[in-house]
């Protein structure tokens, strides 16, 4: 009996150890190809059916549940059309996605197909991204892609990534809250002064809900464009310290009216639409990229409208931007197959219809027309907004700063230090600027 | 002689799995990280030798200094709290209650769960703006704050989380308390000692070897704390670097900012600090640890 007990205890101890050690696996599930359940995001795994003449490609992306479902459906479609290909999906939320990728690159076993954001340049400069030039016109057709979006995925004259969609930042307004507060929706040519006034009115008329969130580094990029400057060109800054001071002063003034949400609420909020402040009714206005409109609308009963950013001197500062890129791993064993899959993902009418607007408005003009023809209400709103921006704004697309992870963290920390009153606007701006120059120096 | 050597061989065979793990997973990586700490290494391209630059750079790095401050606060406040809580509960459980096995298990559970992602998420919600802690304060008419997301308070919620995980120290204290002969307390009672005097004159000295052990273990694990801060701040160490633990910054540097050389240097500095701290504790133990048999050793 005693022996039995000790064996039992030992086994359960091992079980606990294994259970603790295995927690990472929850984020990367393998998708079992022909398995019917996989489309719903519940993973039934059957990885053991790769035969010798089959080619296996690994595909990594981040996103919410909706994107996972749509992407898995496209993978299934591709596999049914190309029975010799098996695609293993490695998907997760955004947190930790690039950290895991870094380790995979270091170990030399990164996925063959990888979704990048505006930080693609950081990886191209480290030679881990597959150049696509040799496949253009063969496996990969880019003839109908927007010129600017091809440029966005090109570095030093070579194409590295296909753009998955076009995006534009804008303000998400909670119309239900506007009505509760008895505040009219703003016009299309509203200014920062109008914005502040509306935020104040909302805050006063709504109990415990702030008018707006703080726009952080994405808003800063827009603000710099509104001032007629360019944030940087190839890592060379086009701004000076005074621009940073102006940005933080602008927000300090709005904050002084009480219309900005408490910094501790913003610090605890998440970038995931379902856990955002506007969905939680902490704020009535929030800055979001257009492709996320659908996810926000699905997360709340409130009516949300997508509106242009407040203007300064007549400029909205909004540029059409690539949302994300799909690119290959430079060490992949099957570069042609990777290129074929990229082509399918952005050009195939059936696949792009499944993917919809979730990664932004398609960059292939034929695909886009097809989507506009079958668009639902949210998609129509997004296309209308993109169209509005392309007609009214001449702001150039500025890629993210090099060393994106670090420069973004630096801006966020500085913003928090100022918002919590730990440092003055001028000292904070000066500290940010000095450290920004250092980071850019290191990433040259 | 031959027989003896054969016996050794068998012993080594049995030890082999451990040796493979030790050299492959501990010694090997440590040596390579020592090398990397003298290089600039972005994980993706080959490391470049830069000498002691990483070690020098640390002392001009504002975030590094912030991370040292946060970790020091955590250790200086958290370790005593954790030990006191563990000792207090252990003494309660040592009173000979019925159903002691049950209570012991209940109080031990947090230390099994405490390091997990789920508990960190739970903590984030309890001490969030709309968490039950604020509801509780509301009963007394106190307006709550966003405890986990305010730079003045965030670190203390993490200290509270660590204190709550006193279970493993508690079990060791409990074992130590059981070793103390009951006659000593009886004799003290006869001499008219009150409970506080008994605690001071009997419990603490006789328990001091166990306190030493727990102090060393808890200090080391506190210097290495990572998961709770990573989850609560979503990997940022925020707000305003207030939960930027040393290991969290090390992780950011290595995996998010592509500076694995710098991260390796940080890891080695931490190893040295842990070694020094442990040495200091052991050295000081001469003056306060009492070994029952054979007097002070």
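Backbone N, Cα and C define each Cβ position, glycine as well.
Among the ranges B:128-152, B:153-177, the stretch that TrEMBL annotates as transmembrane segment is B:153-177. From the options B:48-66, B:105-123, the stretch TrEMBL describes as transmembrane segment is B:105-123. Between the stretches B:12-36, B:237-261, TrEMBL puts its transmembrane segment entry on B:12-36. Packing against the transmembrane segment (B:12-36) from elsewhere in the chain are residues 47, 260-261, 264, 267-268: each is 6 or more residues past its ends and has a CB under 8 Å from a CB in it. Sequence-distant contacts of the transmembrane segment (B:70-93) (same chain, at least 6 residues past either end, Cβ-Cβ under 8 Å): 100, 103-104, 107, 155-156, 158-159, 162-163, 165-167, 169-171, 173-174, 176-177, 203, 207, 211, 214-215, 218-219, 222-223, 225, 237, 241-246.
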